[in-house]
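Asker: Take this structure first; my questions come after.
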Amino acid sequence: MSDQKTQHLPTAIFVMGPTASGKTALSVALRQHLPVELISVDSALIYRGMDIGTAKPTTEEQALAPHRLINILDPSQPYSAADFCHDALKEMAEITASGRIPLLVGGTMLYFKALLEGLSPLPSANPVIRAQIEQQAAEQGWDALHQQLQKIDPAAALRIHPNDPQRLSRALEVFLISGKTLTELTTLSGESLPYRVHQFAIAPAKRELLHQRIEARFHQMLESGFEEEVKALYARHDLHVDLPSIRCVGYRQMWSYLSGEIDYDEMIYRGICATRQLAKRQITWLRGWKSVHWLDSSQPEQALSTVMQVVSA
């Protein structure tokens with residue numbers, strides 16, 4: 001939407017960025033300076049009992065700046081981009097009605113995109129077809145399915161990594177159900193967000209610094225009891241590695257360690273690598289984002305000042 005068209009709309013703020021980039025710290029600081037209420041945009045923070053491995057805001061941070069849409073589901077429950085849009089729009093309306101500004105913070109870019117552009121008319125999940133895809137993957141490997149996707153939907157195959165079974169499975173499922181590719185259907189997006197949105201992306205200017213932060217944070221999680229947290233989940237009979245909650249970065253690798261598939265050092269190595277890959281994907285998404293103000297997380301005071309100036313303009 002053009003500035004002229006959005007002038008009469010209520011304001012919203014997006015704080016986006018890769019994992020370990022300082023999004024929470026910036027949002028908590030903004031809460032001290034602006035009349036904002038925070039909404040989490042994170043597909044892992046929605047789950048209860050998954051606090052350490054998701055780097056959930058601390059008790060102190062939550063006291064300073066309560067986050068909505070955190071701890072709303074059990075790890076056994078599914079949650080889609082459509083579910084998020086429904087919940088986020090409701091929270092945003094409540095915040096706006098109270099005379100405050102919704103500040104949406106997180107790293108799940110698909111949720112931000114769905115909220116901004118509206119959801120595409122994608123078919124609902126089909127358990128039978130999904131099971132067939134999982135069976136084929138078990139027999140042939142996900143690389144073979146990725147090659148299949150390249151023939152069906154080359155554009156989606158470029159976006160989706162062979163090591164991302166959740167998105168790969170969904171792309172194939174959509175085609176098998178509808179006869180149309182994911183790329184075709186995602187061009188038919190819904191209504192745009194009825195807010196004047198100020199979008200910010202925060203990340204260190206140097207990639208090496210982000211890598212160092214990710215490694216340090218993973219070790220800090222282990223020292224804080226991450227293994228014990230996942231052991232409690234592993235002991236439950238209703239949770240398994242194919243659930244979105246257990247597929248979360250860090251949890252999947254710890255699960256493999258607890259099941260005896262890999263040793264402790266390999267778990268650490270894979271956990272850090274997977275987190276770096278996630279950060280790379282998040283940055284790639286953001287580089288293609290329109291109308292975003294980039295902030296350097298290694299200069300938090302300057303980042304805060306930039307947001308204040310843009311929002312107040």
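Using N, Cα and C of the backbone, Cβ positions are placed for all residues, glycine too.
Sharing the feature lines straight out of Swiss-Prot:
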BINDING   G17, P18, T19, A20, S21, G22, K23, T24  ATP binding site
BINDING   T19, A20, S21, G22, K23, T24  substrate binding site
REGION    42-45  region 'Interaction with substrate tRNA'
SITE      T108  site 'Interaction with substrate tRNA'
SITE      R130  site 'Interaction with substrate tRNA'
REGION    166-170  region 'Interaction with substrate tRNA'
REGION    247-252  region 'Interaction with substrate tRNA'
REGION    280-287  region 'Interaction with substrate tRNA'
Asker: Taking Cα atoms as reference points, which of the binding-site residues P18, A20, G22 is nearest to R130 (site 'Interaction with substrate tRNA')?
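Answerer: Its closest listed neighbour, by Cα, is P18.
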Asker: Give the residue from the recorded positions K23, R130 that has the most other Cβ atoms within 10 Å of its Cβ, counting over every protein chain displayed.
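Answerer: Buried the deepest by this measure is K23.
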Asker: Among the binding-site residues T19, S21, T24, which residue has the largest number of other Cβ atoms within 10 Å of its own Cβ?
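Answerer: Selected residue: S21.
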Asker: Please indicate, using numbers and ranges, the residues of the same chain that are 6 or more beyond the region 'Interaction with substrate tRNA' (166-170) and have a C-beta under 8 Å from a C-beta there.
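Answerer: The answer is 125, 130, 133-134, 137, 142, 145-146, 149, 160, 182, 244, 247.
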Asker: What are the non-local neighbours of G22 (ATP binding site), defined as same-chain residues 6+ apart in sequence with CB under 8 A from its CB?
Answerer: I202, S297, P300, A303
Asker: Which residues of the same chain, at least 6 positions away in sequence, have a Cβ lying under 8 Å from the Cβ of T108 (site 'Interaction with substrate tRNA')?
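Answerer: V41, D42, S43, F84 - these are the non-local Cβ neighbours of T108 (site 'Interaction with substrate tRNA'), listed in sequence order.
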Asker: In DSSP terms, helix, strand or coil for G17 (ATP binding site)?
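Answerer: SS state of G17 (ATP binding site) = coil.
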Asker: Quick check: which same-chain residues outside T19, A20, S21, G22, K23, T24 lie with their CB within 8 A of the centre of the substrate site CB atoms?
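Answerer: Neighbours within 8 Å of the Cβ centroid, excluding T19, A20, S21, G22, K23, T24: G17, P18, A25, A55, G107, I202, S297.
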Asker: List, in sequence order, the same-chain residues at least six positions removed whose CB sits under 8 Å from that of A20 (ATP binding site)?
Answerer: A55, L210, R213, I214, R217, T275, A279
Asker: Helix, strand or coil by DSSP: which one applies to R130 (site 'Interaction with substrate tRNA')?
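Answerer: SS state of R130 (site 'Interaction with substrate tRNA') = helix.
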